[in-house]
Amino acid sequence: MGAVMGTFSSLQTKQRRPSKDIAWWYYQYQRDKIEDELEMTMVCHRPEGLEQLEAQTNFTKSELQVLYRGFKNECPSGVVNEETFKQIYAQFFPHGDASTYAHYLFHAFDTTQTGSVKFEDFVTALSILLRGTVHEKLRWTFNLYDINKDGYINKEEMMDIVKAIYDMMGKYTYPVLKEDTPRQHVDVFFQKMDKNKDGIVTLDEFLESCQEDDNIMRSLQLFQNVM
């Protein structure tokens with residue numbers, strides 16, 4: 001569109017300032033060309049070689065091929081933005097509101113904070129959550145709960161994530177949960193995790209608490225189930 005308008009302007013005023021109009025048209029043309037190339041880069045994203053992903057994850061090459069076909073089916077462009085991610089995720093929880101949890105999950109997947117998740121991002125996280133060691137899964141979960149990425153979890157962050165999970169599960173859970181149930185759970189868990197009572201939970205505190213308390217570990221299974 002910029003190139004078309006530039007040509008029209010040039011034809012109207014070519015008798016007065018032809019050199020300036022041509023320069024302006026060329027600038028518009030180059031700008032639009034760059035924008036189109038950037039858009040095509042996003043649309044035509046291709047993942048790293050499957051051999052490389054096989055070495056980096058716990059999936060076989062054939063499993064990666066199946067995962068990639070499914071990813072491309074949902075995201076033909078090869079990348080997924082947050083809104084699309086929310087729409088896909090909402091399909092699995094029709095009785096609840098998954099948008100807030102999907103928001104947090106998307107940003108945990110988007111490790112480079114580009115605003116989009118590539119197949120490599122998706123499959124790397126999936127590998128950890130499905131086939132990683134307990135330590136790897138807990139580190140990934142800590143990163144999810146650390147919403148502002150300052151290296152700590154505060155009580156508000158934990159509450160935000162837990163409430164988002166309850167909202168996503170919906171009103172039809174059994175037994176029916178009381179409205180203050182998320183707050184009660186957070187109060188108990190945070191008190192156990194905050195070993196030195198400084199109001200924040202470090203990665204070491206999180207790892208130690210989860211591995212020594214069966215109740216916390218069972219609760220974290222909910223997170224893996226909603227994945």
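Note that Cβ sites are derived from N, Cα and C of the backbone, with glycine treated the same way.
If you look up TrEMBL, you'll see 97-132 (among others) marked as domain 'EF-hand'. In terms of DSSP secondary structure, the domain 'EF-hand' (97-132) contains 24 helix, 3 strand, 9 coil.
Marked as domain 'EF-hand' by TrEMBL: 133-168 (among others). Sequence-distant contacts of the domain 'EF-hand' (133-168), counting only residues of its own chain at least 6 positions beyond either end whose CB sits under 8 Å from a CB of the stretch, comprise 93, 96-98, 100-105, 107-108, 125, 177, 181-183, 185-186, 189-190, 193, 199-203, 206-207, 210-211, 220, 222-224, 226.
Distant neighbours of the domain 'EF-hand' (181-216): 134-135, 138-139, 142, 145, 151-155, 158-159, 162-163, 166; these residues of the same chain sit at least 6 beyond its ends, with a Cβ under 8 Å from one of its Cβ atoms. The annotation domain 'EF-hand' is assigned in TrEMBL to 181-216 (among others).
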Quiz item: Which sequence positions outside the domain 'EF-hand' (97-132), separated from its termini by at least 6 residues, show Cβ-Cβ distances below 8 Å to it?
Solution: 42, 45, 47-48, 53, 56-59, 64, 67-68, 71-72, 78-82, 85-86, 89-90, 140, 143-144, 147, 160-161, 163-165, 167-168, 170, 224, 226-227
Quiz prompt | Segment-level pLDDT (mean, integer) for the domain 'EF-hand' (133-168) | solution = 94
